[in-house]
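Going by TrEMBL, these are the annotated features:
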TRANSMEM  52-76  transmembrane segment
TRANSMEM  88-105  transmembrane segment
TRANSMEM  111-132  transmembrane segment
TRANSMEM  144-167  transmembrane segment
TRANSMEM  173-193  transmembrane segment
TRANSMEM  222-244  transmembrane segment
TRANSMEM  256-278  transmembrane segment
TRANSMEM  290-307  transmembrane segment
TRANSMEM  313-335  transmembrane segment
TRANSMEM  347-370  transmembrane segment
TRANSMEM  376-393  transmembrane segment
Amino acid sequence: MPTSSSGVTTPPPASAGHTPKAGALLVVGFVLLSLNTRVAFGQIGPLAPVAHFSSGAVTVLGLLPPLCMGLFAPLAPLVRRRLGEERGLLWASVVLVAGAIVRTIGMPGLYVGTVVVSLAIAIVNVLVPVLVRARFPHRHVGTMMGVYALSMGVGSAIVAAMVAPVAQASGGSWQLAIGLAVVPAVLAAVGIAPQARARRPRPTTGGTDAAAPRRHVARTGLAWSLTAFFGIQTLAFYTALAWLPSVLIASGTSRTAAGVCQAVLILGVAAGGFIAPVLAARRPDQRPHILGTVLVSAVGFTGLLLAPTGPSALWAAVLGIGLGAGQSLPGVLYARRGTDHEHVAALSTMAQTCGFLIAATGPALAAVLHGATGSWTVPLATVIAALLLGGALSMRAGHDPQRGCS
């Protein structure tokens with residue numbers, strides 16, 4: 001068995017299950033959980049014009065998810081050590097259901113429920129790469145991270161396309177539209193429950209300082225490069241998620257067409273999120289994939305900047321593919337650069353803690369720049385510049401020179 005730098009013996013990656021049935025149940029639970037990780041956050045953009053949410057409300061609701069996920073991500077290692085990956089994910093699923101229900105209880109409930117949902121998804125975001133590394137063969141890591149991103153995008157796209165029509169059909173009741181997220185959340189809890197019953201928490205290492213792996217990775221250029229890639233890509237993702245419909249409506253696009261483009265964006269996220277990790281996992285060096293992700297994202301924003309009244313659905317699709325790749329590729333990078341389960345968890349926790357805090361500034365900064373200039377030109381140009389800077393800072397994340405291109 002391999003041994004980590006701290007002297008802790010760690011098992012090699014396990015198979016998806018000891019029997020075909022166990023493997024199938026694991027995949028089903030994994031997919032159902034994945035469907036939920038962006039559903040709640042994709043509802044606000046298309047719903048805002050119909051529900052007449054204020055610009056301030058949209059800004060806060062766009063700011064809360066990345067901010068809270070950054071603040072709550074450090075809790076994930078504690079949950080993992082206490083419960084194990086499977087039970088930790090079940091706990092997160094139950095919290096997700098509770099948050100989805102609370103979001104339907106008026107505007108205060110929408111804010112509070114978004115914080116609760118963000119707590120659950122922060123745990124899921126950190127534990128999923130560790131679960132994939134632990135439960136699936138190494139050759140399937142890219143595929144499973146792709147399935148995770150694809151399911152995430154499909155679930156979010158379906159709900160995003162439904163919220164505005166449901167709100168309009170119900171006489172403007174945004175609560176009913178928001179409540180759509182409860183259904184997949186319940187399915188996720190049901191789907192992951194068999195894994196929680198079948199598995200036991202991994203024993204903790206006696207006398208080991210739990211914060212040591214995080215302190216160690218914080219001193220490495222690799223971890224900061226991963227953080228830069230994840231943080232700036234996620235900043236761009238949440239900015240687009242919050243403001244794409246408003247950008248298009250300001251350019252003369254109808255509300256219905258803007259809602260469709262939001263769904264196209266999220267479908268693009270699903271496609272890019274699936275393709276990128278599958279391709280990246282086949283190569284020892286992921287730097288070309290990082291560069292491609294950054295450039296495709298920048299092209300999508302550039303299209304919206306220069307020709308927003310043109311093929312807006314095309315720009316939304318291109319943007320979605322780039323941003324989707326930027327959301328799923330880090331999972332492969334954590335798994336490939338990490339030396340063992342603890343190292344993977346530490347890399348994932350640091351990148352998501354710092355990265356989500358970086359991302360939280362995106363929607364708010366876009367709103368401030370739009371308010372100051374009266375147009376979306378400066379906000380879009382700022383995001384493009386951030387993406388290009390992030391690309392330059394992220395190259396080391398695709399190749400750890402101390403370990404080769406493993």
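Glycine is no exception: its Cβ is also placed from the backbone N, Cα and C atoms.
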Next item on the list: Could you check if the transmembrane segment (347-370) is in contact with the transmembrane segment (144-167), meaning 3+ Cβ pairs under 8 Å among residue pairs at least 6 apart in sequence?
Entry: no
Next item on the list: Report, as numbers and ranges, every residue of the chain located at least six residues beyond the transmembrane segment (88-105) whose Cβ falls under 8 Å of a Cβ in that stretch; write 'none' if there are none.
Entry: 33, 36, 40, 76, 79-80, 82, 112-121, 123-124, 127-128, 131, 175-176, 178-179, 181-182, 185-186, 188-189, 192-193, 195-196
Next item on the list: Report the listed stretch (52-76, 256-278, 313-335) having the maximum count of Cβ pairs within less than 8 Å of the transmembrane segment (222-244).
Entry: 313-335
Checklist line | Recorded stretch, among 111-132, 144-167, 290-307, 313-335, 376-393, maximising Cβ pairs under 8 Å relative to the transmembrane segment (256-278) | finding: 313-335
Check: Does the transmembrane segment (290-307) reach the transmembrane segment (111-132) with at least 3 CB pairs under 8 A, where each pair is 6 or more residues apart?
Finding: no
